[in-house]
Amino acid sequence: CFIFLSEHFFLDSLNRKLLKSNALRQPIFDVWQWEPNEMLSCLEHMYHDLGLVKDFNINPITLKRWLLCIHDNYRSNPFHNFRHCFCVTQMMYSMIYLCNLQEKFTQVDILILMTAAVCHDLDHPGYNNTYQINARTELAVRYNDISPLENHHCAVAFQIFSQPDCNIFANFDPEAFKQIRQGTITLILATDMARHGEILDSFRQKVDNFDFTDEEHVTCLKMVLIKCCDISNEVRPMEVSEPWVDCLLEEYFMQSDREKAEGLPVAPFMDREKVTKPTAQIGFIKFVLIPMFETVLKLFPQIEEVMVQPLRESRDRYEELKQIDDAMNEKKKSENLTMGGKKK
């Protein structure tokens, strides 16, 4: 924490090469290479680099304290942890540059996109909404089964902002703060995958005649952008994306084991006895990721090579792996049949 608070830590420790090469602005950035204090400094740099600190008169020390508090309010889950927060925010930062969003959006919109990305999974307990609702947890009861986790992430975010030492919006007038608050809440609530179809359908209706001066259009696009960033791991190179699949499956298996122990329904895609890496990923990439990113592609053709093409390659790779798995399973079956025949 003390290292993070040093003024020139980012340039001294992560070195100038990282900034000169614009590596942090690339979707291929390797998020596994950095320690927590380095990730904090990267996040701090993003807020400065985008002009948010200067344009909104954000106290630089308050920004450091806020980010440190954010770090402390992510749990050490296998997947939904501070590194995931960093991953999502870094992808948002990449998309802001790749899609030239600062030419299309106001700086308030950019601030909302970045802040929602940082806060979007705060205090995630490692068990999803389905578990919360079926187990009738305190969160499900509090939020009436309506996006309990996402509502909780929002509440924790604004509890942090309510602390003067961590309030990066201290210099905003009440009306401006209200706009930032509403915008951030809207985006975090949009990350509930139960709303995926509804949000994507709404965007599809707008994308062919998209109007950047229409507030409803812009809000819908921002919702789709945070959704893209939240589930963007497969956009990254295989050596960066694949460990995330292991992390996610570990978290899923923890949940399904608990659901079995508590006599609750278990989703097949979370059951360690039914799911493999290829089966987990193929359907998700084909039916969720590619259709969503291809819709965004209509508005921003520049994402094809660096975001959509890697998704297609990832789909093809997992389909090949599934074929190998299927062939091996068939071989085992035939060997078992042969052995059974010999015993008779």
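Note that Cβ sites are derived from N, Cα and C of the backbone, with glycine treated the same way.
Quick caveat, the model's predicted, so the values are computed rather than measured.
What TrEMBL annotates here:
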DOMAIN    1-325  domain 'PDEase'
BINDING   His80, Asn81, Phe82, Arg83, His84, Asp121, Asp230, Gln281  AMP binding site
ACT_SITE  His80  active site, proton donor
BINDING   His84, His120, Asp121, Asp230  Zn(2+) 1 binding site
BINDING   Asp121  Zn(2+) 2 binding site
REGION    323-344  region 'Disordered'
COMPBIAS  323-335  compositional bias 'Basic and acidic residues'
CB-centroid shell, 8 A cutoff, Zn(2+) 1 site His84, His120, Asp121, Asp230, site residues removed: His80, Cys85, Val88, Ala117, His124, Thr191
Secondary structure tally of the compositional bias 'Basic and acidic residues' (323-335) (DSSP, helix then strand then coil): 13 helix, 0 strand, 0 coil
Listed binding-site residues (Asp121, Asp230), ranked by Cβ neighbours within 10 Å, top entry: Asp121
Reported mean pLDDT - the domain 'PDEase' (1-325): 95
Whole-number Å value of the largest CA-CA distance among His80, Asn81, Phe82, Arg83, His84, Asp121, Asp230, Gln281, listed as AMP-binding: 23
Cα-Cα distance linking His120 (Zn(2+) 1 binding site) and His80 (AMP binding site), given in Å to the nearest integer: 10
Cβ contacts of Gln281 (AMP binding site) (under 8 Å, same chain, 6 or more positions away): Glu234, Val245, Ser314, Tyr318
Residues near Asn81 (AMP binding site) in space but at least six apart in sequence (CB under 8 A): Tyr74, Arg75, His124
Cβ packing number for Arg83 (AMP binding site), 10 Å threshold: 18
Inter-residue Cα distance where the pair is His120 (Zn(2+) 1 binding site) and His84 (AMP binding site), in Å: 10
Cβ contacts of His120 (Zn(2+) 1 binding site) (under 8 Å, same chain, 6 or more positions away): Cys85, Val88, His153, Leu187, Ile188, Thr191, Ile226, Asp230
Neighbour-count leader, CB within 10 A, binding-site residues: His80, His84: His80
Neighbour count (Cβ, 10 Å) for Phe82 (AMP binding site): 20
